[in-house]
Structures are given as structure tokens and as C-alpha cells.
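Notes follow the structure.
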Amino acid sequence: MNDVITAEFDENGRAIRRIRSFVRRQGRLTKGQQLALDEYWPLMGVEFTPEALDLPTLFGREAPVVLEIGFGMGASLVAMAQQHPERDFLGIEVHSPGVGACLSSAHEAGVNNLRVMCHDAVEVLERMIPDASLDMVQLFFPDPWHKARHHKRRIVQSAFAGRIRGKLKISGVFHMATDWENYAEHMLEVMNHAPGYRNLSDDNTYVPRPDSRPVTKFELRGQRLGHGNWDLMFERVE
């Protein structure tokens, strides 16, 4: 696998430092995760390149495409791929242990409608995802960066909302979920002011958790800690 970020330099050759929504940490791979990377990455892994993907070629068919950003260990992503064989799923995660775990689960489940990447999702969106190509984008339980001085690291910002809109088809949906109330409020504020979207909530706030979203590890952890859960769904309308 390539590095999770691409080095960028200005005209004077100085490295450009982007504000990123994640901290780079490799983590230790279990034997099973390493085996999955060795065995199944060639089948389901997608390397980062600065060229747009041909999604029908990638999956070998024309089908609705769901992009999930930050799939963690991949359990819910694999479950959705199992439940919806009529859709194709592309998952992005920056931490290789999670990618290995997802590949292992996908192989055990026998799914063939799932591909994964190990790279910065913002770079993937900028370089590899064609405009108006996605039926849904999922962002479940991203890092809330709860300290005020770190709020600039939150992935849901105005520019990000605009980038997602450009990649969604008309009527495509951006589905977010968080167990951090302040982040939910931040997401709602950003998205309600983002042009070209319609909030699918009846009262212009949050939607009930749809049955289509499996309960994630982070959601269960939040429930044990007494946290609530907030789902937001916004449709691209223009």
C-alpha cells in the first residue's frame, strides 16, 4: 500500500502542511490483519493515484455506488455490503489495522461488491472520485476533535460539504452520524448552510437512525458512556 498522504510542495520546494482530520498512527497489525493485507489487498484494495477511477470498471458492473469515509474496523461496512448486493461499496480508512480487519471480514463474508483504500479521504475525493458518480456518502462517528482549539480539524467543514456535493449524483445522499452532541450541532450548522443540499429531516434537524445503518462499535461505546446518537441525512438537489 502507498503512504496515506501525498507529499505536496510549494513553488519554492517547501513542504505544504494541510490541516488534516486524523492523526497518522500506524498501529500494530495482528497476524490475521497482516495476512488479510497480504492475501486480499490485491483483490479488494485500491491504491491511491492522482487519476480518476472508472467505478464501473473497478467493480465490473454498473450499480449504485456508496462511499464510506473512515470505516474503522469495517464491521458495519461489510454488513452493509452483505445486506445490499445490488450496490457497490468503496471504503476509505487511514489506519492499516482497520483495513486489514475489514479485508478479513469481507473475505469471510464472501462479499465481492466491496473495495477499500488506505489513504486520506480528502485527497481521494479531490483526485480519484469522478464528479456526480456517487449515490451515497457515509461518514459515521468521525473524530469529534472536542477541544475548541482542534475544531478546525473536524472533517465536516463548508469546503468539505461542497466537495461531497460535487461527487454525489443529483438526489444522492450524504449521511453522517455522531455520538458527540456538540459535533452533531456543528454538522447541522455546516450542512444547513451548505448550498445545493436539502435536509431530509422533517424538522430540519436530525433523522431517526435508519435501519440500513448497522450499529457500530463506536455507537455501542457511546451508549455505554451514556451518549446520545445523532444521524443527519442531506440530499443533493442541485
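Placed from the backbone N, Cα and C atoms, the Cβ positions cover glycine too.
According to Swiss-Prot, the protein has these features:
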- Glu68, Glu93, Asp120, Asp143: S-adenosyl-L-methionine binding site (BINDING)
- Asp143: active site (ACT_SITE)
- Lys147, Asp179, Thr216, Lys217, Phe218, Glu219: substrate binding site (BINDING)
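Shown here: features listed in Swiss-Prot, placed on the structure.
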residue: Glu68; record: S-adenosyl-L-methionine binding site; Cβ contacts under 8 Å, 6 or more apart: Leu77, Phe89, Leu90, Gly91, Ile92, Val137, Gln138, Leu139, Phe140
residue: Glu93; record: S-adenosyl-L-methionine binding site; Cβ contacts under 8 Å, 6 or more apart: Gly70, Phe71, Gly72, Gly74, Val99, Cys102, Val116, Met117, Cys118
residue: Lys147; record: substrate binding site; Cβ contacts under 8 Å, 6 or more apart: none
residue: Asp179; record: substrate binding site; Cβ contacts under 8 Å, 6 or more apart: Phe141, Phe218, Glu219, Arg221, Gly222, Gln223, His227, Gly228, Asn229, Trp230
residue: Thr216; record: substrate binding site; Cβ contacts under 8 Å, 6 or more apart: Gly72, Ala75, Ser76, Phe140, Phe141, Ala177
residue: Lys217; record: substrate binding site; Cβ contacts under 8 Å, 6 or more apart: Gly72, Met73, Ala75
### Query
Taking Asp120, Asp143 as the binding-site residues to compare, which has the smallest set of other Cβ atoms within 10 Å?
Asp143
#### Entry: Cβ packing number for Phe218 (substrate binding site), 10 Å threshold
20
### Message
Between all pairs in Lys147, Asp179, Thr216, Lys217, Phe218, Glu219 (listed as substrate binders), what's the biggest Cα distance, rounded to the nearest Å?
### Response
24
### Summary
In whole Å, the longest Cα-Cα distance within the recorded S-adenosyl-L-methionine binders Glu68, Glu93, Asp120, Asp143 is 15
